[in-house]
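According to TrEMBL, the features are:
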- A:20, A:27, A:156: xanthine binding site (BINDING)
- A:128, A:129, A:130, A:131, A:132: 5-phospho-alpha-D-ribose 1-diphosphate binding site (BINDING)
- A:36-158: domain 'Phosphoribosyltransferase' (DOMAIN)
């Protein structure tokens, strides 16, 4: 996806040797035209899979998932990180280990919004260590739904997440894979 | 907005006498077709205001803001609730008092993504006590940008947020105002 590659090369910034900041278009400021190109590309990739639902995790997957869902004409559900009084008590849960925080947390989807009849496409902004994807897969598995695949905007190919996700039989399609930040 | 009113009447659920749950279409599962109707309506309302940027706060404003931004053809920026290594050090800050948690927290926008030349439209899902709107207004004011108005999907007219926001000279336009949950 050249438009995305060029955007990363033009506007991405590398911090501390290992962090790629793309907050000018993907996860703080949002370039909505670019998100539409991304959504169109995910639709092209997963066009034949009869997707019924798009799943993502808050926060930074939400905008990408919502724009992408327009091309599939299906609802989005985003997994929540915190228990709140606005979330149903009956939820499907996934576990996500955060290397940044050094601890595990849960993500949840109300049982109302996923069922065994669903064909689910996961959408996320980054694939780094793969923990978010595995947590989302747990939710799909608990719902006994079918996980069709995962559409990722940027995969850091030099970290272990892609391998881990594919070892866990997630059909990962990344629009851009970065092999090195140097 | 009849389509929105009907959706609230059909799918909204009232919990504990005071909480309106609209998580089947607005803030957990997302009905993307409805979000497009909402975006179109905000565009109709603010069509003449030469908006250059849409501002919202994470989490539940993001999808609405992203879909709405398509109709204005402008970037979105969403204020972040947590300090993270992915956020610039130089930020505009707003203060939000959470009645639920009984404490104040900060929301932040990188100084890269708002300037005095911006005409800003705030978008949010709910207007209840008005604290989020005031915090977002602080960010716009600190950036010396122009706050054109605030587009809110659902205003709880029986709580004080609408009055507080309008007393603070925010041009609030709510698509649906709920006078009572009973």
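Our numbering is plain: 1 for the first residue shown, then up by one each step along the chain.
Cβ from N, Cα, C; glycine included.
Not measured: the values here are computed from a predicted model.
In sequence order, the binding-site residues from A:20, A:128, A:130, A:132 that place a Cβ under 8 angstroms from a chain B Cβ amount to none. Overall, the recorded xanthine-binding residues A:20, A:27, A:156 cover a maximum inter-Cα distance of 16 Å. Listed binding-site residues near residue A:128 (5-phospho-alpha-D-ribose 1-diphosphate binding site): A:156 (candidates A:20, A:27, A:156; Cα-Cα distance within 10 Å). Note: the domain 'Phosphoribosyltransferase' (A:36-158) comprises 39 helix, 46 strand, 38 coil (DSSP; helix = H, G, I, strand = E, B).
Taking the C-alpha atom of residue A:129 (5-phospho-alpha-D-ribose 1-diphosphate binding site) as reference, the shortest distance to any of the binding-site residues A:20, A:27, A:156 belongs to A:156. Listed in sequence order, A:96, A:97, A:98, A:99, A:161 are the same-chain residues at least 6 apart in sequence whose CB falls under 8 Å from the CB of residue A:131 (5-phospho-alpha-D-ribose 1-diphosphate binding site). DSSP assigns residue A:20 (xanthine binding site) to a strand. In the shown protein chains, 21 other C-beta atoms lie within 10 A of the C-beta of residue A:156 (xanthine binding site). Counting every protein chain shown, the number of other Cβ atoms lying within 10 Å of the Cβ of residue A:128 (5-phospho-alpha-D-ribose 1-diphosphate binding site) is 21. With all protein chains in the displayed structure included, the most crowded Cβ environment within 10 Å among the binding-site residues A:129, A:130 is that of A:130. Proximity of residue A:20 (xanthine binding site) to non-local residues of its own chain (separation of 6 or more, Cβ distance below 8 Å) is seen for A:8, A:12, A:13, A:14, A:154, A:156, A:178, A:181, given in sequence order. Shown are the binding-site residues A:27, A:132; of these, the residue with the fewest other Cβ atoms within 10 Å is A:27. The xanthine site, placed at the center of the C-beta atoms of A:20, A:27, A:156, has further neighbours from the same chain whose C-beta lies within 8 angstroms: A:12, A:19, A:21, A:22, A:26, A:125, A:126, A:128, A:154, A:178. Between the alpha carbons (Cα) of residue A:130 (5-phospho-alpha-D-ribose 1-diphosphate binding site) and residue A:27 (xanthine binding site) lies a span of roughly 18 Å. Restricting the average to the domain 'Phosphoribosyltransferase' (A:36-158) gives a pLDDT of 95.
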